[in-house]
Each structure stands twice: as C-alpha cells, then as structure tokens.
Amino acid sequence: MGTPVNITLGSHVWVEDPELAWISGEVTEIKGTNAKIVTANGKTVVASISSIYPKDTEAPPAGVDDMTKLAYLHEPGVLHNLDCRFALNEIYTYTGNILIAVNPFQRLPHLYSVHMMEQYKGAAFGELSPHLFAVADTSYRAMINEARSQSILVSGESGAGKTETTKMLMRYLAFMGGRSDTEGRSVEQQVLESNPVLEAFGNAKTVKNNNSSRFGKFVEIQFDKRGKISGAAIRTYLLERSRVCQVSDPERNYHCFYMLCAAPPEEAKKFKVGDPRTFHYLNQTNCYEVSNVDDAREYLETRNAMDIVGIGQEAQDAIFRVVAAILHLGNVNFIKGEEADSSKLRDDKSRYHLQTAAELLMCNEKMMEDSLCKRVIVTPDGNITKPLDPESAASNRDALAKTVYSRLFDWIVDKINSSIGQDPDAKSLIGVLDIYGFESFKINSFEQLCINLTNEKLQQHFNQHVFKMEQEEYTREEINWSYVEFVDNQDVLDLIEKKPGGIIALLDEACMFPKSTHETFAQKMYQTYKGHKRFSKPKLAQTAFTVNHYAGDVTYSAEQFLDKNKDYVVAEHQALLDASKCSFVANLFPPLPEDASKQSKFSSIGTRFKQQLQALMETLNTTEPHYIRCVKPNAVLKPGIFENDNVLNQLRCGGVLEAIRISCAGYPTKRAFDEFLDRFVMLATDVPEGSDEKSACASICNKMGLKGYQIGKTKIFLRAGQMAELDARRTEVLAGATKLIQRQIRTYLTRKEFLGQKRATIYMQKLWRAKLARKLYQNMRREAASICIQKNIRAHRARKNYTKLQASATVIQTGLRTMSARNKHRHRRRTKAAIIIQREWRRHQVHEAYKKHKKATLALQCLWRAKVARKELKNLRMAARETGALKEAKDKLEKRVEELTWRLELEKNQKADLEDAKAQEIAKLQNNLTELQEKLDEAYAAIIRDKEAAKLAIEQAPPIIKEVPVVDNTQLELLNSQNNELEVEVAKLKGKIKEFEVKCFALENDSRASVTEAEDAKSKAVEFQEIIERLHTNLSNLESENQVLRQQALAASTSVEEIGELNSLKDKVAILESENETLRRQTESAEKTMPPARVFASEKNLENEHQTKEIQATKEPRNPINVLAKQGSLTDRQQESHEVLMKCLTDERRFDNEKSVAAWIVYKALLQWRLFEAEKTNIFDRIVHKIRSSIEGQDDTRELAYWLTTSSTLLYLLQSTLKFSNTNNAASRRNRSSHATLFGRLVQGMQPSSVGLETSSGYSGMAGIPNDQQMVEAKYPALLFKQHLAAYVEKTYGMIRDKLKKEINPLLNLCIHAPRPTRAKTLRDVTKSIHLTTIAKQQASYVQWQNIVNKLEHTLTFMAENHVPSMITRKLFHQVFSYINVQLFNSLLLRRECCSVSNGEYLKMGLHELEQWCLKADDEATRSPWDELQHIRQAVMFLVSHQKTQKSLDEIAKEICPVLSIPQVYRIGTMFWDDKYGTQGLSPEVINQMRKLMTEDSANMTYPSFLLDVDSSIPFSVEDVSQSFHGGNISLSDVDPSPLLRQRSDFHFLFQTLPE
C-alpha cells in the first residue's frame, strides 16, 4: 500500500488497532526499527516503523472530496477521510473518477430532488460536490459528445445500497433523456416500474440486507440521435435457485411468496394460500416479516407495477398461480413404498397439497405423482421405469420447484423486455450494472463461487481501467512510465474458468458421471491444483477448498456443487408441464426440438453462467466504464455508525484499495507546481531568482535527494513515500524555524523587560523630584494664605460696624415713609365716594325720562294696529262673497272623478279583450314558426343540392357570371320597416310623455286639497306601468320575428356564389339587432325619467297609439336595397379605419407625458366605435396577432419593453372601463366556459375595478373616473381580448426576465469562485507576489461583477426609456436578484473549494458592487431587490466571520444566519475551510447539535433540502397592473395623436375637447 518512510520524533502517524483497524498517534520514542507511539485514546503502543503510516496533520477536518488529493494515499488515510465525511452526512466521495457511496441508512431526499438534478445537469465532473448524478451526467455527456456507449458499474456487498443507487441512476438518465408526458407512457417509466416487479421475484431478506438482490442485473438504456431514450433491455444473471427450497435462519425466501400469503382474502382463497408458517419452503426459518414492510401493500403495488410494464391481468393470475403451486409442492412429503427403493405420498395432507399443486398448474394429478416418485430411463431396448426412494423423490420435487421458479423468473424478464421494446436503430446506450458484491460467509457454496468469479472478472476490468487512466495521465503529462507495473488477477480467473483444467470444467466433468460425488470432486481438485499459489486445502477438510481472491481467502464447501451445477429438466417434468391445460404454464416448458432431444450434450449452470459473464464482459469492453462502489458502514443497518473494520474489508472487496495499490505502483502523489511550492517553498531558499515553477520543484526534489520522481507539464509526480520524506524535511525546517523564532521572541521579551525596568527607574526618580518641588511650593502657598486671611479678618470687622449703623438709619426712614403713605390713602377714599354718589344720581334722572318716552310710543302703536285690522276685516268680508264660485269648482271635480271611474271600467274590459287577442296571436305565431322551421330545413337541403349542382356545372361548363337575385327582399323590407316604425313610435312616445308631464303637473296642482284623488292618481300610475311592460312584451315579440326573418333570409340563398352575399346580410341583420337593442335602452331610459305620479292621465291614448303603430308596421314594407348599399359603404369605411388603427399601433412608437400613445389611440378608437359591445369583430384578433408577431422570437430588450408597456397600458384601460355583460347570448356563454380553464386566474380581474381613469369612458367624450353608469358592458370578444392582453403581458415579462437571467448566468458561474492567484516562484518573491496578487485579484474581480452590473443597468435603462410601470420593473429585479441569490448560494453549497475565507471575501466584494449599484440607482425598483440576496449575504458573512469555534448554535442561527435553515448552516459549516489564516470552523458541539436537529426532522418526515428553488412564476396579477397605473397621473386628455390621424375625419373624436 505504501513504502515505509523515515519517522522522526513528534511525527503524527497511523498505527494498527485491533478494535478500530487504524488509530492516530504521536511518536514519542524511536529505538532501532521500533517506535513508541501514544495513541489518540491515551494508550502507548510499540510498533515497527515499517507497519506505520504518516498522518497528514494539515488535512481538512471535513475530509477531501477526491481522495487522490490526499497527501498520503494509504489505507488509514482513505478510511479516515471516509469516516470524517460520513460523520457530516457526506456519503459520496471520489477516488479519481471512481465514486464511493456510503449507505447512510436514513432518508436524505434533498440529495435526489429534481432541483439537485438541475444543478448537476451539464456540470463538469468534479466541479460540484461528489454525487452519483455527476457520474450519470458524465456518462450521458460522453455518450452524446463522443458517440460512444457508456456503462456504469455499481457494486458492493448486500445492504450497501446498490439497488437504490441503481434506481437513482436510472431516474437521472430518465430525467436527462426522458420524453414529454404528451408522448404517452415512456420507456423510462416502464424501466423504472420494472424494479418493483423484479425485486418481488428476485429479492429476499438476508442476514445483511432486508432487500437483497439474489440475481445480477444489467440494464441497457438505448438513446436515439437526439439523446432521448428510445429503448431498453434488462439482462439478468444467476438467479439463486436454491433459495426456493432451502432458507437458513434468520433469512427469508423470495418476497413474492410472502406477498401472496398476505394478499386480500379473495385472492388468497383463489390461490389457496394462507399463513406462511404452514408451508415447508417458508417455515424453515423463524423470520416471516420484515420491519417497516407491509407485504399486503407490497402485493398490491407489485400488481400495479405489472400493469405498467405490460403484464396483463390474466398473465398476473397465472404467475401467482404458479407461485402458489410451488408453495403447495413443497408440502408434498414421501415415505417408503411397498417395493424396494420406492416411495409414495406420506399421508392425506401430502395428497391434498399434490392435488392443489396439480390444480393450480392445470396438469394431471396422477402424472405429477408419477413424475415425482418414478424416473424413466431410456435404453436402446426400450424405456425402463425406475422407482425413486423417498430422499430422491424429495430431491426430485425440489428440482421441479426450482426449475419452475427459474423459468417463471426468466419469463417475467423476457416479458418486461418485450413490453419495453428495444430500438434497433439506437446510436448508443448506457448500461447500468447492479451486480452482487464479493461474498464470504461461514459456509460458501456454488453460488458464492460464481459470484466471486464475476467480481474477479469485474475487478480485472476495473484494474485495467484504473491503470489505463493512470497511463493516460502519464502520457498527457509526458513522463516516462514504461516501468510501471500492476498486479493482475488472471491466474485466479484461469483457476476457476479455464477450459480445460479449471474448477468449473472439473465440476462439469464430475456432473456427467452418475457415480460422482462431492468427495470425488473435491479429491480431483486437490490432485489437480496441488501447489497452485491461489488454491489451498484447509486442514482436516474432506470436501472444502480455499481460493485466494483479490479480496482475500474464501473457503468453499463442495458438498452441493454437483446438484447446483446441473441445468437440465427431467423429461417427466417436461412432459407433465408441457401437457398443462394452462397455456401460460405450457409456454414455460415448450417442447424441445426433435434433434435437440436426441442430443446427449451436457448442460450446466456453471457453463451457462460463464457464457453470460463472457457476453457481459464483451459488452462492457465496448463501452466506456464508470464505477460506483457502494459501502455498508455497519452491520446493524443503523444511521450514524461507522465500523472501521467492516468498511475496510468492503474497500478491499470492492477493489478500491486495489486501485490505490495500482496508483501506488506508479506515482500515487500528483501535485500541481503551485500547490507543491505552496507546501514546500521553505525548502527552496537557495533557488536562483527568476527560476520558473518547474525548475523550482526540480531543485527542491534534487536538494532533498529524491530518486525516481517525474516532472510533468503541469504536475510533479512522486513515488510512494517521497511525500512523507518531503514532509519530514519540511517538519525539520519548520522545527528549526520554530526554534529560531522562539529564540528571537525570548530575546525580544528579555530586552523588553530590561527596557521596562529602565523606564520604571527613570519614572520613579521623576516622581521623587516632583514630590520635593510640590512640598516647597506648598510652604510658599501657606505663607501667602496667612497674609490673605489677616487681610480678610480686618475687612470683616470694618464691614460689620458699617452694617449696624446702616440698619439703624433704615428703621427711622421706614417709619416716616409709612406715616406719609397712610395720609395719602385716606384722601383717595373720600374722593372716590363722592364720585360714586354723583354718578348714581345722574343715572336716576335719565331712567325716569326713558320711561315716559316708552309709554307714549306704545299708545301710538296701538292706534296704528287697530287701523290695519279694520282694513283686513273689510277684505275678508269681500272674500266671503266668492263662496258660491268654490262650490261650483267642487261640483266639477266630482264629475271628473266619475268620468275617471268610467274610464277605468272601460279599460278593464279592453284589457280582457287584448288578452284573448294575445292568446290567439301567440297560437298563430307558433304555427308560423313551425312552418318557417320546415321551410328553413327545406332551404338548407336545397342549398346542399344546389352546391352539388354548382360544382358539377363548374366542372362541365365555362364560368358564367350571373346576377345574384335577392330571394326574400320582402321580408328584409318588412324588417327594416318595423325598425323604422319603432323609431317613430319611440319619438311619439317621448312627445306624449312630455304632454303627460304637463297635464299631470296641472292636475296635481288642482288635486292637492283632495287626498282621495291623490291615491287614485297613484293607482293609475301603477296601471300605466303595467301598460309600459306590455309595450316591452310587444317589442320582444318584434325582436323574435326579426330573428326568424334573419334565419329565413339566410336560408333563401340557393347557389354557391351567394355565400358572400349571405355573410354580408348576416352583418346587416346584426346591425339591425344592435339598433333594436339601442331602441330598447332608450325606451327603458324614457321610462325611468317619467315620474310615476304623472302618467295616468293619457294611458289609454298611449296604448291605442301603440297598437296603431303595430298595425301600420305590418302594412308598410320598405325597400332594403338602399339601406344595404349604405351599410356596405359604411363597412368599407370601418375596414379602412381599422387598417389605419393597426398602422398606428405599429408606427406610433412614442410616449407623451410617459404614456403610450399607441395604447391610448387604440383604446379611444375601440371605445368610440363601440367595439367592446359588439358580438363579433375581428379587430381584437388583429391587435393580438400584431402583439404576438412583434414579441415572438424577439431578442431585443428595448423592443420587448415597449410592447410590455403598450400591452399593460391597454390592459389597464380595459380593466378600468369594461364590466361583465349579463345579457350575452348562449353561444357567448358557451365560448366563455370553454376558455375558463385557460384564463381562470385572469377572470377574477374582469370585475369593474375601483381604480379611476381620467379619460373618456362614454361615447360623448366625457372625462373622469367611470362610475357604474359609465362602465361599458363588454361582450365576449372584448372579454377574450382582455384575457389575451393579460397573457401577453405575462409572456413579455417572462421573456425579458429569462433573457436577463440567460445573460448573467455564465457570469455568475465565473463570480462564484475567486480567481486563483499566481504563486510565488521563490521564497524571496513572496512579498512582491502577494502585492501583485492582491492587485490582480481586485482587477479580475471587478470585471465579472461589473459585467453583471452593466447587464442590470442596461435592462433598467430600457425599462425606463419605455416607461414600463414601476411595479413591473420592481418585480422583475426582485426575481432577477432572487435568481442571483439562488445560483450563488447553491453553487457555494455544492463546491467545497468555494467555502473558504478568501472566497468569502471575494464574494463580499462582489456583493458590495451590487449593493452600490442598488443604492446609486434613482429608480426605487432597484433598491428593495437588495433584500432578495439575504441567503448569499448571510452565507458570506458566515465565511468571513472570525472565531467560529467560539460561537454557539443560537448565536449563529439568530445573529449571523437568521434566514438560513439548519441543514443550510450545517452544510456550509461542514464544508468551510480557512485557506487564509488556518483557523478551524465550527466546534464539534455545534455540529452535533445541528446533526441532532436534522435527525429529528428526518424522523418527522420534514427534512428540507439545503438548496434553494428558482421562482419562475409571474409575480403580479391584473389588479396589480391596475394599481401600478393608479399610483400616477393617468389622464389621457393631454396626449397628442400623430399628424396621420389629424388628416382623417373618422379619427376627429381624438381631438374633441373634453368638458370641464
């Protein structure tokens, strides 16, 4: 494995340990060839230097992704690396291009999600973290690019996860080469669903695995030219037939037996099965159930999988009937018969099971019994029937059971292959080999020999491939490798399969002799292979032998070799089953050809297996192989347990260590020049300045005295042990440098201490001098203070005497001033009292004069009021004389009331007459309708006949231009006449209504005094309302007649040439119907404006006039020719206007006051022309087609931004104007229902928006916010047009977003990893190189990040130039920044080399560039998206944070990475490595806490993926678009149309001045 190296004191090494296989330790003493080592667990051991291996102390604590990067490639290094990665749930590791997969024994769904597949799609091998998807993608890409078939070889022992790995590989290949769901049930689906079927009949529970494959499987997936799966085939190898009859405890038989026993009661009754404990083939073990497996559910799932792979229900029943027959066959027991060496059925129970088996197989019971108890020997003289003893009969029974099951399994495989189908035109294929691993048990039999032969073959193929890869690298680096050799295992293969002389050849020879036994066979082998280095005989063994395989010695027992090797069907069994009434069973045993039956050539399992194996190897030799080695970490099948001995044994059996041996035979250590110099630059202090890296590497090796190393073009290749020698010398140099540093530090510390003491002494002297100076100064201060005190005391005494004298004088002055103030106050009081007395007296005199004046005024007023009252009395007396006139008016009113009562009675009688007339008219109309329908059917039949006649006439005669007659002009004239009469009638109604209003107003004034008359007037108003409703009914009848007339006009045409005329007539009828609708609305509006209290005066006249109008409308037909001509010219003008509008939509690409002029013109025109209310029009389709043709295939962001603004503006205008139509016809409703599923999300936005619009929303140019009266009642075409607009807004937005993503995606791939700096050439160049490297790194980093910023800036500019709504722009940048966050974050978590401190600083600098751009931009749309980068920002913050080992989980989760989930923090924490300062990552306690939390989540089925998903949805709705426009000024009154429209009179409505 490795060459012994020189071990020095203090070296860290690996030493063998009986419990842990290998354990690390430190060398404390060396004596001769032995070394004393203190291990990691504290023990002291003595080991030979040749048996220990150096340990790389600088290896990352989380291990390396590729073990070829290990400094020491040996067993303990490989084992430790796998252990470290397994502890972090990193189950995949590379060894070159070999993938090692360690079974975690727990669900890790995040590793196999579709998003994870997307990450590995197209990624270079080794670019991302190790994964089986990377192997599958590499094989797929190689097949596509090199047009060469590939193969993926999955191996490992039972329980290592081969089956699941194979499933995931096939799932990824189906993901890469699968077809769309619309192409029906795909091949890849059938291949994937074949796994449960094959597992049911080919897998069983063993000691090591609950779902062990007991057969080999090679799946060939075929691909066409496009790389899509076009076919597949499944090849199986060596089914373990003996398991059908013999099962050891605690294993189980094949799953299908237990599934059938757990089937539903009706199924179990049909197949006559029950408890598995009652069957001999199942009760040989105590294990009947598997934990966490429901056999009943598995049975149903297997039946469902059979349906998918093409096995019909009848065939399924036949299959399980055969399975049940095998179970019953095992319960048939025998005892000695009456004759010698004969046998018979033991009891009635055996008879029952025999009958049941015969019934299930549909064969003869007696014939089955004879085939089990007797044997027919064919001789030249005739057939001889020989009875069998009970033991032979039981063996014969077991042989029948094994043969039937083997044939059944082969039929299932063939059926699956035929159902899937193979592509004979396939250009290439990818084969996935799921083969049993190397096996070595306590008792090994014939199956283990075949399995191990397969592994020897595959190992030889593997060794050749590994050696080939090594040779290719040597050739690529142009080094001499001719003397590199590797050990081959051809001698073992010759020992087993060589013909003649091999073990299988001897076995076939022994099987052809009837008297051969396993003892004679074993003796033959002992004699033949005596002295063979790969063959040995165990001591005291009679039938055992040992073969030295590449993975170790295996001892086989030859006791059952002869029976297991025989591959022939007993003639009686063949005849029995061939005669079965069940076609399925008979087809399992087809009759042998006559010539084949006459041949006596021997056929054996071993020979057939060799042929299959040889065919497999030939297939593999034509493909490019890829290897996956599955490893089972422990024998208890539990997560989190890594057993070193178990794993090490599997690495040996899987050939991984053999690959390492091959690598060690050449140059196991390969390092790039810069990496080599980084590690050993301190050994090159005397390298001349200016030397290149290659020369520097050679100088280091020569200086160290290395022999046999090679210098390639980009790497240096070291022999085994030379890396350790360099590390030892490096350790010495570092130790010397350490001593030098320590000496210098001690000198520095001593001198620092001396200087400190010196400074302290000087400081103390300074303090003492300062103290003496302060004392002298204090004495001087005291003397000065004494003088100051004396001065102040003298001043105090003088001030005290002066203060006493001043106080006495002040007292005397106070008394004098007080006496003077009292005298002044007394004088003021007397003066004030006198003034008050004078004021009161004067007030009294004035009051008396006022009272006298008031009394005189009241007397004068009384006299005047009496005069006025007398005058009023005189007027009242004159009014009393007019009482007689009032009485006369009262009499007139009473007469008028009587007249109105008479009219009411008359009107009731007329109403009854009208009801009778109405009933007769309805019956008459029903008869007319029936006659018209019959005429319509006859007209359609005539049209069909005329079409055929016209075709015949066209073929037989030259074209003749004929005048097209109008067959039913009278009816069209009648239709137009009725419409005109209705218009006249409505005009007269309006006049009458005005007259009624005048009369009712006068009558209302006259009847105010009478409450009774008012109530009568109200009742009359109600009756008049009923009359109006009858008018509506008559109008509806007229519309029905119009509909009938239109159908008759359409049916009247009798020639093919009249189809165009009919279409025009349809349009004209539609126009007339719209006019009817307008008249209806006018009638309703007139009704609403007429007060109900004013309409009863002339209701009788109105009804009579309306009846008169109806009679006249039926008698005055009009000529429709002039009307149709006038309408035709109108249609041409409309078409021309439509063309101008479409031209305007295309050419009017400008914005007026940040508004799309084209959108406004289109909206205004559609509104003015009333096209939103049209039942049919093609202008909407033309607009949609124009938008679609303009954006499809468009790659210009500016162009897309323009159409995004135009379509969103038009969508908003429609959203603010249109409302649902409640009167759409049934056809429109049907059409709407057909589109409900396509635009279901948009229909909600069709309700009238509350958002206002300061523009024209009516037909007369009114402006302002549309209310319920101004909202346009849209028909179905307008509704569909709005839905199309919404769809194209979303599509255009998605195109801009995806284009920007596509542009920045390659830049993100370059930005995720910091540019690798140029390494220092020599030690003296280190300082200069670091400076230059820093500058180059900064310059390189700015380029890629600045390119991203430029792309964002350009997109923002285009959006601003075209005035895209700010909401849409903001959503766009939110999604783009979210995409940047997802891509950078996922790439960071999938690449360990990116999770470093220097790379974190590089990403931090790049993110700072994005942040600066967001802050500098004036648009608000670029400020908020910065929050979308929170995942990558927090991940970068974690990478660049210091002292990670001291941080707790709570601190990390709440302060550093609050947004990241526990799996994400765990992933980045375990992948982190410090390439700048050499510090450690998170503490083991934090790692264990996170692992515990993730384990709990996994148990709760909530284990999330650590990767982020890309959001590709449309992040806004129609309401959001409306809200975005509502936030600004949407007034369209100031938009200036183009000169082209100014010249056209039909667009003058665009220039109308809006009312104030």
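Note: Cβ is positioned from N, Cα and C throughout, glycine not excepted.
If you look up Swiss-Prot, you'll see 8-57 marked as domain 'Myosin N-terminal SH3-like'.
Mean pLDDT, taken over the domain 'Myosin motor' (62-731), works out to 87 on the 0 to 100 scale. According to Swiss-Prot, the feature domain 'Myosin motor' maps to 62-731, an assignment based on sequence analysis.
Neighbour list (Gly156 (ATP binding site), Cβ cut-off 8 Å, at least 6 residues apart, same chain): Ala101, Lys162, Gly437, Arg629, Cys630, Val631, Lys632, Gln650, Gly654. Residues annotated as ATP binding site in Swiss-Prot, with sequence analysis given as evidence: 156-163, 209-217.
Within the chain, the region 'Actin-binding' (495-529) has long-range Cβ neighbours (under 8 A, six or more residues past its boundaries) at 449, 453, 456, 535, 537, 542-545, 547, 558-562, 565-566, 602, 604, 606-607, 610. Swiss-Prot lists 495-529 (among others) with the feature region 'Actin-binding', giving sequence analysis as the kind of evidence.
Residues 438-440, 444, 448-449, 452, 455-456, 459, 489, 491-492, 495-496, 518-519, 522, 525, 649, 652-653, 655, 658 of the same chain lie 6+ residues outside the region 'Actin-binding' (531-554) yet bring a C-beta within less than 8 angstroms of a C-beta in it. Among the features that Swiss-Prot reports, region 'Actin-binding' is placed at 531-554 (among others).
The region 'Actin-binding' annotation in Swiss-Prot covers 589-613 (among others).
Swiss-Prot lists 613-635 (among others) with the feature region 'Actin-binding'. Remote same-chain residues near the region 'Actin-binding' (613-635) are listed as 82, 86, 97-105, 132, 135, 138-139, 142, 146, 148-162, 165, 169, 208, 218, 220, 235, 237, 429, 431, 433, 437, 453-454, 457, 461-462, 465, 641-643, 646-647, 650-651, 654-656 (criterion: CB distance under 8 Å, separation of at least six residues from the stretch ends).
Feature annotation from Swiss-Prot assigns domain 'IQ 1' to 734-763; the stated evidence is sequence analysis. Secondary structure by DSSP for the domain 'IQ 1' (734-763): 30 helix, 0 strand, 0 coil.
Positions annotated as domain 'IQ 2' by Swiss-Prot, on the basis of sequence analysis: 757-786. Beyond its flanks by at least six residues, the domain 'IQ 2' (757-786) meets no residue of its own chain at a Cβ-Cβ distance under 8 Å.
According to Swiss-Prot, the feature domain 'IQ 3' maps to 782-811.
Residues or ranges marked as domain 'IQ 4' by Swiss-Prot: 805-834.
As annotated by Swiss-Prot, domain 'IQ 5' applies to 830-859, with the evidence given as sequence analysis.
According to Swiss-Prot, the feature domain 'IQ 6' maps to 853-882, an assignment based on sequence analysis.
Annotation comment: Swiss-Prot describes 883-1091 as coiled coil, evidence class sequence analysis.
Per Swiss-Prot, domain 'Dilute' is recorded for 1181-1496.
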Residues in the domain 'IQ 3' (782-811) grouped by DSSP into helix, strand and remaining coil | 30 helix, 0 strand, 0 coil
For the binding-site residues listed (Asn210, Ser213), most other Cβ atoms within 10 Å of the Cβ sits at Ser213
Ten-angstrom check, please: count other Cβ atoms within 10 Å of the Cβ of Gly216 (ATP binding site), all chains counted.
-> 22
In three-state terms from DSSP, label Gly156 (ATP binding site) for me.
-> coil
Translate the DSSP assignment of Lys162 (ATP binding site) into the three-state scheme.
-> helix
On a count of neighbouring CB atoms within 10 A, which of the binding-site residues Gly159, Lys162 is highest?
-> Lys162
Secondary structure at Gly216 (ATP binding site), reduced by DSSP to three states = strand
For the region 'Actin-binding' (531-554), residues assigned helix / strand / coil by DSSP | 0 helix, 11 strand, 13 coil
Three-state secondary structure, Asn210 (ATP binding site) (per DSSP) | coil
